[in-house]
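Chemist: Next up is a structure, given as structure tokens.
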């Protein structure tokens, strides 16, 4: 009888162990499935957060694409450091010649052409004296397609600027009116403090430094820009309620004359 009891107890214990193993296995599978669900939800949340991240000027593409892509964007973003440094050095040399040394444009062009023509003439005569063929000087010409593209792009931008100025003059957009006035006032201050060439050189240096720095620290810059835009919108709403909304606006529709 004792042996029969021991056998029955061992069978019961083995059955309990199997049941516990199944329960633990089910718990592990459910926990793994829960962890997988949590990971998928976290990845979806991260994707949504990335979509909602504030970007400066509302851009949705990388900086390289915003600059037009291709070789000009590579040049501005210092993809080829030697070429970008040589272009910036050339611009600096031109600024030093005209602003620091006070060289004149016509004088510089005349001296450059004198040196080039004199060098080619002497080189050609030297080759004839040693009984060699004259040098093959390549023909330089501006392609018509390039000039047409430049003219079209310039005319498109100028027409857009005229259209914006016309809308501002009609009194349709007060925000653009204030922005244009502020920009013109800032340009007038810069024009009174420095020459056009110095201003152009400053803009050129900023073009070669700000985009590459922004691309490197875009997350930090966008965070600060988001805070600044929120504060600016608050102040604009306050100013609009107190002052701007009381200014009479122009007619929304243009009058048609027969």
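Glycine too: its Cβ is placed from the backbone N, Cα and C atoms.
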Chemist: Please find, within the list 83-98, 131-146, 147-162, the residue stretch that TrEMBL describes as transmembrane segment.
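Modeler: The range carrying the transmembrane segment annotation in TrEMBL is 83-98.
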Chemist: Can you identify, from 41-74, 177-210, the stretch that TrEMBL calls transmembrane segment?
Modeler: 177-210
Chemist: Have a look at 104-123, 224-243 and point to the one annotated transmembrane segment in TrEMBL.
Modeler: 104-123
Chemist: Limited to the domain 'Reticulon' (72-258), I'd like the whole-number average of pLDDT.
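Modeler: A mean pLDDT of 82 is what the predicted model shows over the domain 'Reticulon' (72-258).
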